[in-house]
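Here's the structure, in structure tokens; my notes come after.
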């Protein structure tokens, strides 16, 4: 056992350390860093409440604790350290859980598959709360499994605490309450008592902690209902709605596991659902919650709300293949996708090239910026006026007024290419968001830009789709490269 576990730990270090990024890349990670800059143990409550809803309470608490333990690290380094260490403990805990369920060899192969998935690399190497989330969910499962052999109510209580911490990190963890309950009461001598102990520990951890933070039931309800309406749109009728649901399921699974990993996983899952009755139960209590989570809108590493799919996928894939060579072949196929992520993590993501253009071109100093919602965070510390294109009523009339006023105030307006193409060709971290792949400019924005006579371009030398259109209140500008 020690050799297999040591091998997984060694592989984790070798495959993660070169790719750690201690700066924000994905959407909300810019906010996480900004909050982490300010937060400490003495001002935790007021600073945490500056974050967006739903507040990732325990993730921010971990950042505050780490800052006190590692005062020589900046905020980005603290958050990336949380991701890295959480990933390490997740691998260890997941291995131990599968070993208890199905033996040491199965635990080893499940751990290898987990390490191979592209999104597991992403959440271990970047500023994202999902690394810590996976760790506590895995720990809740492991502690729930252990009492089946020892009948230890303290482990059941600790499982409830761990699950409560996962909910404090992300309220979507509530969807996994059925599976956590099952492992905590199945095959127990006193299932009702275990259920009571688990729910008590969970409630005291998750609900009471947030109630203390938010100081009122109403504010707490706002947190838990903050994204209730962000479900996949039903516009267009039942057939289109169904198509969107299926698209989200298959696309997000492919992003988490790689396309080849998802295809093999779905094939294996169908086979096991047909052959093994127990799989049908676990599909109902785990598969359906995952498919529901895949229908909620979010930005930043599209598909990460359902990142817990990494666990069942790793376990299912570890059971296929007649020998180790066939399993290793599947892992190598998955790594062809994961390798693309690893390569991207070695360089700055596209959004930072816009800021580089501003810093390297004097003509852009002090200019007003028009950008999209996906690209807005990169300009947070820019200091000049920023207009954000969103899918909201009246946004284009507001844009027209913004440009007109800035030019009247003798200020250059720089419209970045993310705004020009919105809602198409939007960067989501290192790659384009998979639902915005069309290379087509926004006609409404084009119409507005044509009203202003002086247009020049500042381009990135490495990517022709990264540029600024310059609206100048004065004389025409040259084209900068």
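Quick reminder: no glycine exception, Cβ is built from N, Cα and C everywhere.
Positions annotated as domain 'Glycosyltransferase RgtA/B/C/D-like' by TrEMBL: 65-203.
Taken from TrEMBL, the feature transmembrane segment applies to 78-98 (among others).
Taken from TrEMBL, the feature transmembrane segment applies to 105-121 (among others). Within its own chain, the transmembrane segment (105-121) has Cβ neighbours under 8 Å at 4, 7-8, 11-12, 15-16, 19, 87, 90-91, 94-99, 255-258, 261, 301, 303-304, 307, 310-311, 313-315, 317-319, 324, 327, 330-331, 334-335, 337-338, 340-342, 345, counting only residues six or more beyond its boundaries.
Here TrEMBL flags 157-183 (among others) as transmembrane segment.
The annotation transmembrane segment is assigned in TrEMBL to 195-221 (among others).
The list of residues near the transmembrane segment (257-274) in space but at least 6 beyond its ends in sequence, with Cβ under 8 angstroms from a Cβ of it, reads 116-119, 250, 280, 283, 309-310, 313, 316-317, 319-320, 330, 333-334, 336-338. According to TrEMBL, the feature transmembrane segment maps to 257-274 (among others).
Sequence annotations record features per position, and here TrEMBL assigns transmembrane segment to 281-299 (among others). Cβ atoms under 8 Å from those of the transmembrane segment (281-299) belong to residues 27-28, 172, 175-176, 178-179, 182, 227, 230-232, 245, 248-249, 252-253, 269, 273, 305-306, 308-309, 312, 373-374, 428 of the same chain, restricted to positions at least 6 beyond its ends.
According to TrEMBL, the transmembrane segment annotation covers 305-321 (among others).
Annotated transmembrane segment per TrEMBL: 328-346 (among others), in sequence order.
Secondary structure of the domain 'Glycosyltransferase RgtA/B/C/D-like' (65-203) per DSSP (helix as H, G, I; strand as E, B; remaining residues coil): 119 helix, 0 strand, 20 coil.
Per-residue confidence over the domain 'Glycosyltransferase RgtA/B/C/D-like' (65-203) averages out at a pLDDT of 93.
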